[in-house]
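Peer 1: Before I ask anything, here is the structure I am working with.
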Amino acid sequence: MSKITVKSPGRVNLIGEHTDYTYGYVMPMAIDLYTIITAEKYDKVQLYSEHFNEEKTFTLDNLTKEGSWIDYVKGVLWVLIQEGYKIGGLKGKITGDLPLGAGLSSSASFEVGILEVLNQLYNLNIDPLKKALLAKKAENEFVGVPCGILDQFAVVFGKKDNVIFLDTQTLQYEYIPFPKDVSVLVFYTGVKRELASSEYAERKRIAEESLRILGKESSKEVTEKDLGKLPPLHRKFFSYIVRENARVLEVRDALKEGDIEKVGKILTTAHWDLAENYRVSCEELDFFVKKAMELGAYGARLTGAGFGGSAIALVDKDKAKTIGDAILREYLAKFSWKAKYFVVKPSDGVGV
């Protein structure tokens, strides 16, 4: 096999934020912004990243962390070797239009992309679910980021014009059609999520502790009555998760009924719950949500971990650019960050 090219999408989470680490419900979609990897077999690893304008070379017996983008590649190689797959090196380049650090899962997109390149080059025949789990393991155990399964699952299982309703405990999922005349306006605030890793870890710790106190395996099993048994801060945070799980189910039903106005209202409610009770928003994300609603969006909320990164708004397809331009103009007049927006739609998952 000579050179192959793999397209690996980013993802947006429509609803179900901060629920995946308590095995709750999520509703992500793969989006039409991609990491593109072109590569061939090689006796070592030699990869050029267009984004970083940097080439890295190493051998398979030297999988030590460097604290840079190449760790995602090393993590995938490490996990494949650990699992007993017979692989060699690769030589190629990484390009694409998926922005990094914008809360659109560029890391999961990159990991799954590299995994798929190796899967193709070395005929590994890895099934889709295994791909998502291996990429997650690489990020958790090698790179050292305690993410849930949401991102990798969306990148692998994405389907054009559909969102994915996923139970992160059983990994059972369902495709739900997304209206073709509605666009997802993704607004990158330009705020780097420096807080995200420490605060995310803290939210995760409190959520996991809450499950232990209640003797439950998943947030799906937790009732209003159970919440009374938790200490005040745990109760405040965990009650958000319980409400968010319920909202994912409501959005699923509203999408099936074609009620985009109801979907929008639920998204906006979710944002203010994240802001006021889970405390993961920031002034810039709140500004976007308010402006989007003023300009006629169906609904808007932060997407991803929060503390910066990106927010989304559901808008009529033919108004997306007008609304995006107007928000960006007002945002740049108020804040000094380098913000930008993208108009995306649900797309297929990773593929050649």
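Cβ atoms are placed via backbone N, Cα and C, with glycine included.
Worth saying up front: this structure is predicted, and the values here are computed from it rather than measured.
Quick paste of what Swiss-Prot says about this protein:
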type	residues	note
SITE	Arg11	site 'Transition state stabilizer'
BINDING	Glu17, His18, Thr19, Asp20, Tyr200	substrate binding site
BINDING	Ser49, Gly101, Ala102, Gly103, Leu104, Ser105, Ser106, Ser107	ATP binding site
BINDING	Ser107, Glu139	Mg(2+) binding site
ACT_SITE	Asp151	active site, proton acceptor
Peer 1: Within 10 Å of the Cβ of Ala102 (ATP binding site), how many other Cβ atoms can be counted across all chains shown?
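Peer 2: If we count other Cβ atoms within 10 Å of Ala102 (ATP binding site), we arrive at 25.
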Peer 1: Of His18, Glu139, Tyr200, which binding-site residues come within 10 Å of Ser107 (ATP binding site), going by C-alpha to C-alpha distance?
Peer 2: Glu139
Peer 1: I'm trying to understand the geometry here, so how far is the Cα atom of Tyr200 (substrate binding site) from the Cα atom of Ser49 (ATP binding site), in Å to the nearest whole number?
Peer 2: 28
Peer 1: Comparing the binding-site residues Thr19, Ser49, Ser106, Ser107, which residue's C-beta has the most other C-beta atoms within 10 angstroms in this structure?
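Peer 2: Of the binding-site residues Thr19, Ser49, Ser106, Ser107, the most buried by Cβ count within 10 Å is Thr19.
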Peer 1: Write out, in the order they occur in the sequence, the residues of the chain not among Glu17, His18, Thr19, Asp20, Tyr200 that have a C-beta within 8 Å of the mean position of the C-beta atoms of the recorded substrate site.
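Peer 2: Here the nearby residues are Gly16, Tyr21, Gly24, Val26, Gly148, Leu150, Arg203, Ile241, Glu244, Ala305.
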Peer 1: Do me a favour and check the Cα-Cα span between Asp20 (substrate binding site) and Asp151 (active site, proton acceptor); whole Å is fine.
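Peer 2: Per the Cα atoms, Asp20 (substrate binding site) and Asp151 (active site, proton acceptor) stand 10 Å apart.
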Peer 1: Drop a 10 Å sphere on every Cβ of the recorded positions Arg11, His18 and tell me which sphere holds the fewest other Cβ atoms.
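Peer 2: Among the recorded positions Arg11, His18, the sparsest Cβ neighbourhood within 10 Å belongs to His18.
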Peer 1: In angstrom units, rounded to an integer, how far apart are the Cα atoms of Ser105 (ATP binding site) and Arg11 (site 'Transition state stabilizer')?
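Peer 2: Taking the Cα atoms only, Ser105 (ATP binding site) lies 6 Å from Arg11 (site 'Transition state stabilizer').
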Peer 1: When you look at Glu17, His18, Thr19, Asp20, Tyr200, which the record names as binding substrate, what is the longest CA to CA distance in angstrom?
Peer 2: 12
